[in-house]
Amino acid sequence: RFDVYAFLQSQVMIHTIEMINNSPLLPNVTLGYEIYDTCADSTMAIKTVMRLMDDKSDSAESCIPLKCSYTNYNSTVKAVIGESHSEISVVIARLLSIPLIPQISYESTSEILSQKLRFPSFLRTVPSDTHQSKAIAKLALHLNLISVGAIGSDDEYGKYGVEGFLDHAQELGLCVPFKHIVPAYMFRNESSNHQKKIVEIIMNSSAEAIVLFTKPENVEGIIQEAIKHNLTKTWIASDSWVTSAKIAQIKGIETVGKIIGFTYRRKTVPRFKNYIRNLFANDPPDNSFLRQYKDCYPPCSKKPEPNIQNSLSNTNNETVNVSECTDDNFLIQMIDTDIFFGVYLAVNAVAQALGKLLICDSTKCERDFNFPSWELLKELKKVNFSVDNTEVSFDENGDFKLGYDIIGWQIDGAVNFTTIGEYHISGQIILYNKMAWTSENILITDANCSKKCNPGYEWKETNLKCCKACIPCKIGSVSAGGSQAECKQCDKMEQSTAGSEKCVPKNMEYLKWDDSFVIVLVFFDVVGFITTLIAAVIFTVYFNTPVVKSAGGYLCYIMFASLLVSFGSIFAFIAKPTTTSCLISYPLFAISFALCVSCILANLIQIFVGFTFEKSRNEKLQRFNNPLFVVIVCTGLQVFFCTLCLVVSPPYIYNNLDTFQNYILIECKLESMITVWAVIGYMALLATVCFIFAFKGRHLPDLYKNAKYISLSMLIYFVVWAIFIPVRLTVHGMYIPAGEGFASLLSSYSILCCHFCPKCYIILFNKELNNEKAIV
């Protein structure tokens, strides 16, 4: 069987070596390579390594000689890249540790390889399983999982992985209701009941998440059995199967629940896809591996059908279904960025160490290749460089410091292996969308039934195996922890987040000047204020013209003054409430607006008297044709209501502690709303009377259409307050004062724009209407 995975691994190494040979890193040095296939067999691996370890200083020796000291041992091969499997790497590392030839693995993760007394020359560009076990435990904690079951296989990978997870789970206070070890090659015994037994253990336990440290073939059987029993859990995958294409193709995989796990940092080898494409350019191919590939799978004349015919190897050494022929893009599609990037980093690490050892600059290297292997190993342990935005260095155990990508299986018809987060060796977990993967259950913080909770938690009885559960205190309550942990409510002036051990003072919130809504409000308020002043100047210049007289004459100045006060009253609604601002905000607007509407009403009565020719109706209206009297009486009533409001139930500063959980709202509060309704109701009455007069006078021969524009302004007033009042009664928050100011602002603008702006337009741009002849 042609192993596409092994082929691509070898090509990454060749491609990387060629890039280094074409770079100034090793200017007068050309790197070479020998590639061997160990066939995942220890005996074959030993034979291969012994061939690689020949003594360059003794041409008679074809393999490693027996010596008392290997201090000056100078082998032809200066470094070994590989092996993939931890079991084979252990065998190779034992041999290479004799002459201290550096070995860099791109996939072996077993934690025993970190033991430098046993494997002094072993390094790797992937993290140790020690980090993975810790990462899985931290991920479970990060996702608020209650209890996590652990399943591992009876081999170095599975046993060490599960034991490491149990240790870290205990440190973090996770509940582990069961641990189960399965045969390493369980999948080979199809007649066994191991899978069924595992599913029964899971179903009879309190575990809501399952960690699987075993081969993909074993996981496949467990998942298939889980599908048969309609078992739905959160499955936490180790790096051995988190990107398994074969498991992802299991029918019904979408029913087993969420699948999330870890793999090495996934990055693309630079220009590798183009390198593979170029291999196909020559026909016949120069590459012997590629010739073998084309012999096994000749090019298709059409796109291959998805029927299962043959198999190739993928990144987990599984079989991937392909047709009897393939197109040239098949190898491109097979490239797995995470594993192959490790090969790329391993070769670059050797090149960087050689550059230091051979004392290379941009033009030449001062030393030759006659050096013992341990010198290169010494430099390798010290490398610290950046390649493609990846920091490359090894710790004291020869382990790589790069962390993991967190992979989530997103199933939408097909399975997509999506990077949903990352884990740093320092222990930090970052999830890009935590809510999509987080369990809503409470976290059990004591796996061994200890007698105390951490601060911020309280004891609660539970039916789980792990005895009592420590539940985070809810928002607004705290706990000091301990053996009698109990959450206590914070004072109303204080707050806390969930799981806190102490209360903190709440923030005081009010409408601030730098708020975007306030900035807009103040801008339009200032514009209205300035526009009113401009209109007043225009009316003063053209005071004796018919337009100004029809608008009210001297009454216009009272209206301008009231509008200026009305615009100015907006500032009383903004900023931190004070006793003064609370007392004047409503009365200032109410009185000024009532004064303005009273002037308009007096002007309308004058228009009616002037254009009503029925004697009886004219006599009745004539009684009220005293503008100053109308203004004083109508405004006086509003002054009375406002005074009554301030005397009976004056507004005061109120700290709203109950409406909002996270902050205290400082607002002006009225003891009773009855007098306020009297003030607002009276303004509505004045506006209604104005609207009636204006509506009835819309057909009068008024050249300047005063009645029409006044009707429109009163309609705007009604609409604004009809919308605002229900909102004011039902909504609470710091933007309510701004809403009140906004309603007042629109009311003032309705009079300014509908009563004065049309007159200013006639005065400035339609002067033929502003003379006595036009009226006649």
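A Cβ is built for glycine as well, from the same backbone N, Cα and C atoms used for every other residue.
Record features (TrEMBL):
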DOMAIN    517-776  domain 'G-protein coupled receptors family 3 profile'
TRANSMEM  517-542  transmembrane segment
TRANSMEM  554-574  transmembrane segment
TRANSMEM  586-608  transmembrane segment
TRANSMEM  628-654  transmembrane segment
TRANSMEM  674-695  transmembrane segment
TRANSMEM  707-729  transmembrane segment
TRANSMEM  741-764  transmembrane segment
Interface check, the transmembrane segment (554-574) with the transmembrane segment (741-764), three or more C-beta pairs under 8 A: yes
Among the ranges 586-608, 628-654, 741-764, the one whose Cβ pairs under 8 Å to the transmembrane segment (674-695) are most numerous: 586-608
Within the predicted model, mean pLDDT of the domain 'G-protein coupled receptors family 3 profile' (517-776): 80
